[in-house]
Amino acid sequence: MEKVREIVREGRRVGNEDPRRVVHAFKVGLALAFVSSFYYYQPLYDNFGVNAMWAVMTVVVVFEFSVGATLGKGINRAVATLVAGGLGIGAHHLASLSGPTIEPILLAIFVFIQAALSTFVRFFPRVKARYDYGVLIFILTFALISVSGFREDEILDLAHKRLSTVMMGGVSCVLISIFVCPVWAGQDLHSLLASNFDTLAHFLQEFGDEYFEATEDGDIKEVEKRRRNLERYKSVLNSKSNEEALANFAKWEPRHGVFRFRHPWKQYLAVGALLRQCAYPVDALNSYINSDMQIPMDVKKKLEEPLRRMSSESGKSMKEMSNSLKKMTKSSTSDVHVVNSQSACKTLSTLLKSGILNDVEPLQMISLMTTVSLLIDIVNLTEKISESVHELASAAKFKNKMKSSSNSDAGSTTSAVPIKSYEGDSADDDHVVTILGDVITSNNNDQSHRESSVDSCHHVAIEIDDDDSIHDKHEEDSNIHVQTSRVSCGHTNASDLLNSGDIKK
């Protein structure tokens, strides 16, 4: 009785994780019940005989969870059965011309050649990815037709019945999979990528609180719960095989919803690879949160402001990219957060050059610089991910994100994000101001002008030198326009900063 309860609990857990699994089980049962009528119904049995079992076998091996997987297997099986059946009949006819003595020898040679060549072709990467099942069915069907044809007088009738039942079983699977609560692999891949963005964004936005705030003894359970929540990023590290499988299945699927037939699924894999590359330094950062050797809080506080901003702004950029994917709209807001994280990186460089860590112990310095280096890597990777998402948005033809303003007379609305000055900043250091503007397009503008205005980046970075002159400035119609420039960390790391000669021990 206890075993039964355990099975029921496990069944509820599996069903609650994804209710589509329950629907899929009913769909497979429906398809099997339908093709079984070929064997139970006497008129159909008279036409197909025992070959009706091939329809049942086809449903069992072809029906998969998603439409793409079912279509891929169904097309592979149908084409492989057709080609192998034709070649098997040809081989049987050619061998029969040589006489009853030579015929079995030739048939064995034909089976050996096709099986050896087909098995070798299965090792080709592109064939292995998309057509492995078809090649396997080709080997099986050719061998069955050739062997059974040697003892079967009506080989054409045999091949016709087997091909017909296989086609009926495959078509039944495809139709039920598409028209009865379909599960699209492309939609799953799209949702998985957006979820991975959210997972990394959550960690980066919460990292500052976990790293810089002391843990109270009375909140141990709450802290453990929060840390387990942070460790959701580990699912990103293990998502490669799932992403590749979904992308492969999605290529078989017809147009559905907002996904076109030749949707750029390959670009999804490129973005996913960058996300996994970013998840590795995130994993390393998490190890420093839970490390037994903790840096004193007063040492951490010296670099708290820029490190918090680097992590937080990178997380906000990830969140904006996730929203852009979910809504399938082009957005430049993530670029603003990328620029802000890079300006924080520049501020961090200034602090390190000022000698703020000269009194820190060597072991503590190593641990702190490792954290700094990991965050710089994340900032640089966030910029690459943002560029990759923009490429995906263009290739997938995401819609433009239109924003309105309450002030219809103004050409744009701007807001400045001030960059704080820190102790140790020299008088000639650059100060970065980020201005975010929303372009308002009137109804009289033509379509091409509207698209170019929205696609453009609506933020600028102004560098102010010690002579208070602003570069790249020009006036037009009494409005100030500043040419866009990006402040970058230069893809540097902590070791470069330490080797600059300004930090001495």
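Backbone N, Cα and C define each Cβ position, glycine as well.
In TrEMBL, the feature region 'Disordered' is placed on 398-423, out of the ranges 398-423, 424-449, 450-475, 476-501. Per-stretch counts of Cβ pairs under 8 Å to the transmembrane segment (163-185) identify 52-71 as the leading one among 21-40, 52-71, 105-124, 131-151. Within the chain carrying the transmembrane segment (21-40), a Cβ under 8 angstroms from the stretch's Cβ atoms is held by residues 14-15, 48, 52-53, 55-56, 58-60, 63, 65, 165, 168-169, 172-173, 176-177, 180-181, 183, all 6 or more beyond its ends.
If you look at the transmembrane segment (131-151), the same-chain residues 6 or more away from its ends with a CB under 8 A from one of its CBs are 72-73, 75-77, 79-81, 83-85, 87-89, 91-92, 103-104, 107, 110-111, 114-115, 118-119, 121-122, 158-159, 162.
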